[in-house]
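Q: According to TrEMBL, the domain 'RRP12 HEAT' annotation covers 18-122. Annotation source TrEMBL lists region 'Disordered' at 501-524, 569-688, 715-734. According to TrEMBL, the feature compositional bias 'Acidic residues' maps to 501-510. Look at TrEMBL and you will find 649-659 tagged as compositional bias 'Basic residues'. Per TrEMBL, the feature compositional bias 'Basic and acidic residues' maps to 668-684.
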Amino acid sequence: MEKSVVHFKSFCCFLSFFPRKQAQTAESQVAIHSYSLLQSQIWSLLPSFCHNVPDLQENFKGIAKILGVIITEYKDIRIPVMTALRRLITFNRDNYNESNVKELKKFAKNYLPILFNVYTTKPSGSDEAGQRLAALETIKVYLTISTPELTQELFDKAFEKLDQDDVNEFTRESILDLLRCLISYQNTQKLNILFSRIEKSIRDPKSGHQKKSYRLLEELCSNSAESCRVFVKDKMSDIENLLLNSMTSCTAATKGPRIRCLIYLVQNMEKHEISTLKKIIPEAVLCCKDNNEKCRESAFSLLILIGDTLERLSDKNKTESLEEYISLLMAGLSGPATLVSATLLALGKVIYEYKDVMSNDLHKLLLDNVCLLVVSAVREIVASALSFIKAFTKSISIASLGPFVPPIVKSLLAMTEDCKRHFRQKCRDILDRFIRKFGYDAVAGLVPTNDVIMHKRLRNLKKMNERKKKKSLNDDDEDEEADENDLFILRNRPKTIEEILEESDSDFEDTSNKDSQTTKKKRHNTWIHEDADSIVDFMDAGANKKIVASLPSLTNNIVEKLKKKKDDMPFKMSSDGRLIVTDDGSDDEGGRRRNAQYQEDSDDEMDDTVSRAESVQGTVNRKRKLTVGSNASEPPSKYQAGGSGIHRPVAKSKSKNSKKGPVGTTGEEYRAKKGKGDIKKKGLPDPYAYVPLSRKLLNRRKKIKHAGQFKNLVRGAGKGAQKGSLMKKKNIRK
């Protein structure tokens, strides 16, 4: 395919106009949808033309206006056009194609206002919301090649629009997002104007404006542009005062961007600002309990950064500065429940990050305070305390953890009954770790003998660990055997696409067999009924008639087999579906031939006949079991002919005394009616019996049941062998 602007304009653009005209004049909704879909498919080809375009510099101006009109007026094909613009810019910019970049830069003054209008327009559905996000991404990419004059002009127009009284809330927040994209390309003078605006909006009681203002400040502090870095350095004291003074007025939605602003503030703090650093700690601790995950992650990052900054700015060594930091954090343990819970989470994060420099005295101090909080009746506090203990057990070595096991177990035993039930999973994890590291006996010895429930839980944990060890050993052995076998296995060559397609029918057959055997509810499968000569057109209104619920090839085979089977039926069939079976004396010649033909198989089918007679005659209490030579007549059929509707066979009745068991030959048909032992039967092999080996014997739940069955067989065989040996001795004596 030729990748040129001229080719797309002359062929694809011209081709896309036809379905749009047809859609405007069509009366059927199906036709309108089909033509619209065809047009969108044609325009979706445009991004593929935007890699290494040979004639972009010469011919882009011929299609630029068309693209602008599409972004403005045609909502259904905006996204591929914006994707094409992004690809054109990124490809030529990354490959340093200055001539093409220069050509695209000429049209920035035309495209950027159009994209600004798309983003500031309120969407009416999910499709338009996605178009807004695509427009914002295109704006960010196009700004990278725009001239400074254009970016500053757009910045000024956005500010003018922001100050107008008739602007609604949605447009105002959208303009703040656009200003955030323009920050990197402004000079210091423009940034001063923006900061003044941020100072006003950050105290706005409306959470939406406040959040956008914090994000503007976050972008300003974190931006790597030279003008932004110079501005932040000059305005650091003003930014610090703004953040500290607005602590009480910030809403819940602004905590995340505010914490990230504090991170950039702490990174640039000097030695004389340690007092300011300590003021930030309470806010960072409280954000550890925030509902927003990103806010919590930012709060934990800020806590670690504060610890590093205290060490950097302090004259003390690592251990001493850490002890000072821990003491500042522990002040929150004397506050309300929410602050205590957040403080415990913060302490857990800090001790895990600084586990290499913490002393044993500091460990003991922390654990003593936490063990007192574990016995609290407030679930919020207990949950955080258990999380701290879990982090504590993972942050120190096994040798250092040993002395702390007794107080931890003692505090777990002293928990309130409500907290024991509610946090049994967390307690189990802690006890499981102790058992794995120190053994069951060491942990069980710390529990009073009268605490039956705890001892039972410990025993269960011990059994669970033993099972895990046994399973891991078995898995290791299997892996070793597999590695040894792999050395002698000849790898098969990869299958060709023809072989894969040849196996597809058999795969479907296997799948259908498995689906018929399983009892689980599954999703209904559907197939397309088509062949090489007639391909289904999904745009056709009658395409749904070609969707079937069964595999077409299998359905056709089944129909053919049923027809063939109907032709080969040995008996005639009436119009209502009943078989017509005539007596031997009144049979015609064809019937006699059929009787002669099927007489040969009568002996082989006698066992099935007997079993069917037993199941039908379930209500008759017989003392004597049927044998192969039994002349008992078949019971009368329970099927009642006549009436209307479809005639189906009556379900077989089941004997109340019958029991499910493995299907096999038990040898009962060879048993003598009088006396002991077995006898030979005419037309049958010598007496024998066997127990079939089936997959049911591998069922672990029925292991004991099957084992008992084989024990009975072995016991019976032993008795028979003993009797046989006695008879043999008697015969020898005679």
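The backbone N, Cα and C atoms fix where each Cβ goes, and this holds for glycine too.
Just so you know, TrEMBL annotations are computer predictions that nobody has curated.
For each listed feature, how buried is it and what is near it?
A: In terms of DSSP secondary structure, the domain 'RRP12 HEAT' (18-122) contains 88 helix, 0 strand, 17 coil.
Assigned with DSSP, the residues of the region 'Disordered' (715-734) fall into helix, strand and coil as follows: 19 helix, 0 strand, 1 coil.
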Q: For the compositional bias 'Basic and acidic residues' (668-684), what does DSSP give as the number of helix, strand and coil residues?
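A: The breakdown for the compositional bias 'Basic and acidic residues' (668-684) reads 3 helix, 2 strand, 12 coil.
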Q: Please compute the mean pLDDT of the model over the domain 'RRP12 HEAT' (18-122).
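A: On average, pLDDT over the domain 'RRP12 HEAT' (18-122) sits at 87.
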